[in-house]
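Visitor: Grabbed the feature section from TrEMBL, which reads as follows:
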type	residues	note
REPEAT	16-54	repeat 'HEAT'
REPEAT	170-206	repeat 'HEAT'
DOMAIN	183-279	domain 'Phosphatase 2A Regulatory Subunit A helical'
REPEAT	209-247	repeat 'HEAT'
REPEAT	251-289	repeat 'HEAT'
REPEAT	290-327	repeat 'HEAT'
REPEAT	333-371	repeat 'HEAT'
REPEAT	372-410	repeat 'HEAT'
REPEAT	411-449	repeat 'HEAT'
REPEAT	489-527	repeat 'HEAT'
REPEAT	528-566	repeat 'HEAT'
Amino acid sequence: MAGPEASAGGDDSLYPIAVLIDELRNEDVQLRLNSIRKLSTIALALGVERTRSELIPFLTDTIYDEDEVLLALAEQLGSFTTFVGGPEHVSCLLTPLEALATVEETVVRDKAVDSLRTLAAQHSTADLEQHFIPLVKRLSTGDWFTSRTSACGLFSVAYPRVSNPIKADLRSHFRQLCQDDTPMVRRAASSKLGEFARVVELEFVKVDLIPMFVNLAQDDQDSVRLLAVEACVSIASLLTQSSTEDTATHVMPTLKSCAEDKSWRVRYMVADKFSELQEAVGPELTKNELVTPFCSLLKDVEAEVRAAAAAKVRDFCQKLKEDARESIIMNQILPCVKELVSDPNQHVKSALASVIMGLSPIVGKNNTIEHLLPLFLNQLKDEYPEVRLNIISNLDCVNEVIGIQQLSQSLLPAIVELAEDQKWRVRLAIIEYMPLLAGQLGVEYFDEKLNYLCMAWLVDHVYAIREAATQNLRKLVEKFGSEWAKSTVIPKVVNMARDPNYLHRMTCLFCIQVLAEVCGPDVTAKHMLPTILTLAEDPVANVRFNVAKTLQKIHKTLEASAMQSQVKPCLDKLNNDADFDVRFYASEAIEFIANDKVKGGPMSTVFFKCCKYQEELGGGVDLNLLVIAGGVTRMN
């Protein structure tokens, strides 16, 4: 291919293209990468014939480049059909991609295989048999394991469109890959077996693929065996569509063997895929063959396996046949679940807690009350917060089955007990769940049963609890609305301003700071600002300087008239307070408000100049009008 000098001599418009082409040879990796990413631009400029005859051969010679460049090249070639003249010429892209599919770096090979799979669909049947199938065979018989590994991902896209003799040949090649001496190749074959099974005729699935599956499931490498579990889902699903007897005969023995495998990783894979396996084999085989293996996984010695199985409990029970569901759950599944509730591993308990509430609609009201509620109570008192959260997060499942009355008599006393626990960290955990719980129970029930707790937390002797309770109020108002806050929360918060304990009076101010943000200017000015101004006269300096902090925090919520008539005099007075700290925070608030932005410019040039100008005019001009005018002119 010509360099930039030669190209530029013929046509100035092609000079940038010549530069890109030259960059493909550059020693700088970043420049080569940049040029690879612009291959489509180069190809468009060269035209389809020169792209096929010059660019593609040139790219094939660059396969020994840096991995980053090769990855970009593999990705580009997958969408290059248009630039080589359409589907009738797409086979010219196979050579560089075949080379890329054999390199050492896995991500490059995987991307090359992805591109080859894309291009396979663009071949005509004749071209597929003439060009693509030989490529698959070359890769599957290559000397290096890398090429044989890549070949495994190409069988499923080539198989459906070729003649029967070639199909038989492909099945034979895939069998060889399943028996390869290299574990990496067998692993790749195992991971693609299910995908291949979905395109192979059912008779050949039974004759050819099931023996491959059985062998892979018995491989001496657990990394191969665990991938065979994924193939089991596809094979079982295909067989069940024609006959559950075939599934019982050809798949179930191997599946049950995998569930008892000596490697915990294989057992984990079975547990993780159990819902899919259950769906694949159907309800009848599940009832007869899968209940015992599932219970074994729930009792597994490895916590990871138990956790994976526990997470599937609800799905497993839901998919059981109705006529046997209750009996299986109560007699076989529930005893295992009871053990898991007190499992020593927190991840197991957390996984169970995320699904156990979903058993209520399945087993019904009576069984929930008699058998499940005691388990819920245990988990609600669990030492791990994630377990408690998962129970509280799913209370609505139980509420729908047993009703709010029964729920309040059983679980809520436990929640109240935790909310008043001696350990402050336990109380803190319940506070964090309260907005979620409120949403589950509804505003009426919350006001009746739990609202008092939220107010009690505001006067807790631990600061972290008071702080969390303040944020809790904000979340509750966001959930229930400002009208609810005005009638239910704000009166109680305002009442704290008269509390003899100065810490509680300070908490009142902290609450107002967060409530103002969600309640809006009208509610803030009418129902909360008077309380702030009253506390500016508090005998305790800490309360007074927190008044300054509060006014600084909420000033954006207030109208300009309220700022002028109420906030400014209050801050001025605090700025002349006898206490140094009060003066400091008042001065800081005044400066902060002055420097804060408004639509027209800094507050220093709008609000406070407006205030001063209004005073000069004798107070006869509406401050709001002055602020609007000042916002436009900046009153400079």
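Cβ atoms are placed via backbone N, Cα and C, with glycine included.
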Visitor: Take the repeat 'HEAT' (489-527) and find every residue of the same chain, 6 or more past its ends, with a Cβ under 8 Å from one of its Cβ atoms.
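Guide: Distant contacts of the repeat 'HEAT' (489-527): 455, 458-459, 466-467, 470-471, 473-474, 476-478, 482, 534-535, 538, 540, 542-543, 546-547, 549-550, 553-554, 557-559, 562.
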Visitor: Just to be sure I understand, if DSSP states are collapsed into helix, strand and coil, how many residues of the repeat 'HEAT' (170-206) fall in each?
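Guide: Breakdown, helix to coil: 29 helix, 0 strand, 8 coil.
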Visitor: Using DSSP, what is the helix/strand/coil residue split across the repeat 'HEAT' (528-566)?
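Guide: Tallied per class, the repeat 'HEAT' (528-566) gives 32 helix, 0 strand, 7 coil.
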Visitor: For the repeat 'HEAT' (16-54), jot down how many residues DSSP puts in helix, in strand and in coil.
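Guide: Here the numbers are 31 helix, 0 strand, 8 coil.
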